[in-house]
Amino acid sequence: MDNSKIKVVVGISGGVDSSVAALLLKQQGYDVVGIFMKNWDETDDDGVCTAEEDYKDAVAVANEIGIDYYSINFEKEYYDRVFTYFLDEYKKGRTPNPDIMCNKEIKFKAFLDFAMKLGADYVATGHYARIERGDDGVKLLRGLDNNKDQTYFLSQLTQEQIKNVMFPVGELQKKEVREIAKKYNLATADKKDSTGICFIGERNFNEFLSHYLPAKQGNIVDVDGNIMGKHNGLMYHTIGQRRGLGIGGDGAAWFVCGKNLATNELIVCQGEDNPLLYSNKLYASQFETSLNHLDRNEFDCTAKFRYRQKDIKAHVKFIDDTHVEVTYDDTKAVTPGQAAVFYDGEVCIGSAIIDEVYNGDKKLMV
């Protein structure tokens, strides 16, 4: 098949995954163009702008592969659509996942729109996921590398957003991606994977957050209201957290099991098997699916409530088009603001953002 007339615009980040994605597409004969997205104006603790370093690596790879490349600045879109959302969620005492919103609003909206204006037939990224095309549209499938599968972060995408997408490394193991990069002497072959939230990088999370949200010290209390210590800000803590509480004493360890925004209290309970840490029902909003056909009344599935969590059997019941009730086996530390992501075997059905968490009919203090 002659792919030379098919234009694929690849998001090249300066990392090994997108580098190999671009290489594979070039080898398959596509007309490949690389685009580097600058989403955040950042400097690390040593005064080095990591985006500049990434751009240099992206340019080096584009030249090695022999593809044209451009740089596009999405800082304003990112700030307005992702970072503002991130801060708003923390203000509400929730724990958001900005990577999901970045994919939904930037990589597969702003970038996708830009690529299509360039005349792209497809866009591609270095995500570990797969696309299956059939008579009933396009389906989003888990990446074959179970440890690297990134469908959790792609779960808010719609059919419209994924129908012209390719994930060239989704069929590969991470080890194979590194081997390909080394075989072809790509500049990013030995570059370590980026970790953490893109706009924070390797920096201290609490310190970063304090620049944008005023931290307010308050009491750490047990479930009976007894004061156990002090916290430096509710936003620095998440459900199920054990470390950094500064509570000693005898007996089992203490865990965060709730937040009271009205009184600025962090609520803790004792013991890692404490029932207050476990839930079996949640309510979620902003439901999205990439499937063309889905039972909008209810369906059985498996679910993940955080990245790399094992699949849990679940039942999803629609309240309306965007709100769902999800029931599941007892699960620890299910957290408002995170995504509940739904699967049917290898197929990622979609996701919704967790609002309220229950154990039976009892609403947990989160």
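Each Cβ is built from the backbone N, Cα and C atoms, and glycine gets one as well.
All protein chains considered, the CB of Cys102 (active site, nucleophile) has 27 other CB atoms within 10 Å. In this structure, Cys102 (active site, nucleophile) is part of a helix by DSSP. Swiss-Prot lists Cys102 with the feature active site, nucleophile, giving sequence analysis as the kind of evidence.
Swiss-Prot lists Cys198 with the feature active site, cysteine persulfide intermediate, giving sequence analysis as the kind of evidence.
Annotation comment: Swiss-Prot describes Gly11, Ile12, Ser13, Gly14, Gly15, Val16, Asp17, Ser18, Met37, Gly126 as ATP binding site. Under DSSP, Gly11 (ATP binding site) is assigned to a strand (E or B) in the three-state scheme.
Residues annotated as disulfide bond in Swiss-Prot: Cys102-Cys198.
According to DSSP, His127 (site 'Interaction with tRNA') sits in a coil region rather than a helix or strand. For His127 (site 'Interaction with tRNA'), applying a Cβ distance below 8 Å and a minimum sequence separation of six or more within one chain yields Asp17, Gly143, Gln150, Phe153, Leu154, Phe167, Val169, Gly170. Among the features that Swiss-Prot reports, site 'Interaction with tRNA' is placed at His127 (among others).
Taken from Swiss-Prot, the feature site 'Interaction with tRNA' covers Gln338 (among others), and the record attributes it to sequence analysis. Using a 10 Å Cβ-Cβ cutoff, Gln338 (site 'Interaction with tRNA') registers 27 neighbours.
Fewest Cβ neighbours within 10 Å among the binding-site residues Gly11, Gly15: that distinction goes to Gly15.
Neighbour density for Ser13 (ATP binding site): within 10 A of its CB lie 27 other CB atoms from the protein chains shown. Within the set Gly11, Ile12, Ser13, Gly14, Gly15, Val16, Asp17, Ser18, Met37, Gly126 that the record links to ATP, no two Cα atoms are more than 15 Å apart, and one pair reaches that distance. The CA atom of Gly15 (ATP binding site) is located 17 Å away from the CA atom of Cys102 (active site, nucleophile).
In the three-state DSSP scheme, Asp17 (ATP binding site) falls into the helix class.
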